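Student: Feature annotation from TrEMBL assigns domain 'Nucleoside transporter/FeoB GTPase Gate' to 130-230. The transmembrane segment feature in TrEMBL is assigned to 20-39, 60-79, 85-107, 128-152, 172-191, 203-224, 236-255, 306-329, 349-372, 384-413, 419-446.
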Amino acid sequence: MKDLSLDSSPLRSGRALNLIKLLLFSGLGVFLFFAQIELGGRRTIPVDHLSSYIVREQRLLAVVFIMALMAWAAVRPLWDGSWRRSAGTALFTAIKWAGLGLAVVHLSGLTPEWANQRDMLPFLFERLALSVGVLIPIGALALTFLLGFGLLEIIGVLLQRVMRPLFRTPGHSALDAVASFVGSYSVGLLVTSKMYAQGRYSVRDAAVIATGFSTVSATFMVVVARTLGLMEYWTFYFWATLFVTFAVTAITAYLPPISGLPHQDVAPEAPSTRSRLSRALDAGIERYTSREPLHRMLWGNLLDGLRMSATVVASILAVGFAGLCLAKFTPIFEWVGLLLKPALMLADAFLGTTGASTASGAFASGLAEMFLPAILLKDAEFAVRALAAIVSVSMVLFLSGCIPCILATGIPLRVSHLLIIWLLRTVLSIVLAAAVIALAMSVGWLPAS
């Protein structure tokens, strides 16, 4: 009789081959985002090396590229009429035009003297807009390998067991949480909104995911680290930020207003006799075998990166310039920063510094735009820069991006909810990040203050 066990050998060999390919493609993504390589006396990750080369050696090309992107982003809503959809889209259209106008003023040499100071419009355009505008599309291409071949699904299944006890969300939310953290908040919120609409999340589940994991993308974290001079410590920064973000989310899930939101348990996941690792590998292989062709994934991610780049660059120029003006000429952020003073004083005690508590206004500016703390604290002492880098990401919510996106979903969260959650997240992030940085300094992972 024919040995039936042999019939499955081609399946096993095919599964093993797919797993090897999954690991190779995903490994390339890990390399592009996490391998520290020294070139030209500068040690950083490959995507940062490439974008820096283009901005430094091909500046004219970079400027033309950025201006074309911003012009397209500004004109398109008027061309297709999408600016009329809501007050939010009208506001973002105005921001895009303001960013484009500021870029034209800067490049034409018509900037007023007060705005032409080195730390104002020239810094925003030359140091940030160009770098971010080039880096995001390159990073989007690299994310194809990190997210598109099954690694995300493997991690998601492995984390399922911790989701309910830690974050009060169903196990299948693990994939959504990891995708929301590593990818763009706009993509993560799209997934969360769909899961809520399909009845797979309760209001509380959706609120935890939307306000706890919908950070800026890993690509933009590179921008934050670069601006604050932390690329030498990029690997520590990424994992420390992930830890602090998830830890803060685990706490806020049990605090009001999230804890008081409507909730009903979804259907429990069917039990399985197979090991979690085996199921994780199966999920990864299934994703690998059902993926789109590589060229389509690259093209789709490139388009997403171009759209995001156009919007983010305009926001950096318009919202960033407005934020710098408010920080420089008004006490608004200082007033909001009073709410953060106690946490920042505790951070100073952990870090052996005095600069955190005196920079409360800069930390508070993150409510307007998450990138403002990086801009305002770029010359601060190392420990304060590291603190700002982690907190600006782990607070998650900000008015120029994530908050309007959440309000545009079907998740019934009010502005008052989001502002309270922002305050809770920021205070907790400051304390936890300071403790993590102090520990890293004590064991030599980071330079001592």
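Keep in mind that glycine also has a Cβ here, set from the backbone N, Cα and C atoms.
TrEMBL annotations: computationally assigned, not manually curated.
These numbers come from a predicted model, not from an experiment.
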Student: Tally Cβ pairs under 8 Å between the transmembrane segment (128-152) and each listed stretch (20-39, 60-79, 306-329, 384-413, 419-446), then give the stretch with the top tally.
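Tutor: The stretch I would name here is 20-39.
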Student: Using a threshold of three or more Cβ pairs below 8 Å, and leaving out pairs closer than 6 in sequence, do the transmembrane segment (236-255) and the transmembrane segment (419-446) count as in contact?
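Tutor: Answer yes: the transmembrane segment (419-446) meets the transmembrane segment (236-255) with 3 or more Cβ pairs below 8 Å.
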Student: So, by DSSP, how many helix, strand and coil residues make up the domain 'Nucleoside transporter/FeoB GTPase Gate' (130-230)?
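Tutor: The composition, in the requested order, is 78 helix, 0 strand, 23 coil.
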Student: Take the transmembrane segment (384-413) and find every residue of the same chain, 6 or more past its ends, with a Cβ under 8 Å from one of its Cβ atoms.
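Tutor: For the transmembrane segment (384-413), the nonlocal Cβ contacts are 86, 88, 91-92, 95, 185-186, 189, 192-193, 196-197, 203, 206-207, 210-216, 221, 224-225, 228-230, 233, 237, 240-241, 244-245, 248, 315, 319, 347, 351, 353, 355-356, 359, 362-363, 366-371, 373-374, 377-378, 421-422, 425-426, 429-430, 433-434, 436-437, 446.
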Student: Which one, 20-39, 85-107, 203-224, has the most C-beta pairs under 8 Å toward the transmembrane segment (60-79)?
Tutor: 85-107
Student: The transmembrane segment (349-372): which same-chain residues, six or more beyond its ends, come within Cβ distance under 8 Å?
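Tutor: The answer is 128, 216, 223-224, 227, 315-316, 319-320, 322-324, 326-327, 331, 333-334, 336-341, 380-381, 383-384, 387-388, 391-393, 395, 397-402, 419, 422, 426, 430, 434-435, 437-438, 441, 449.
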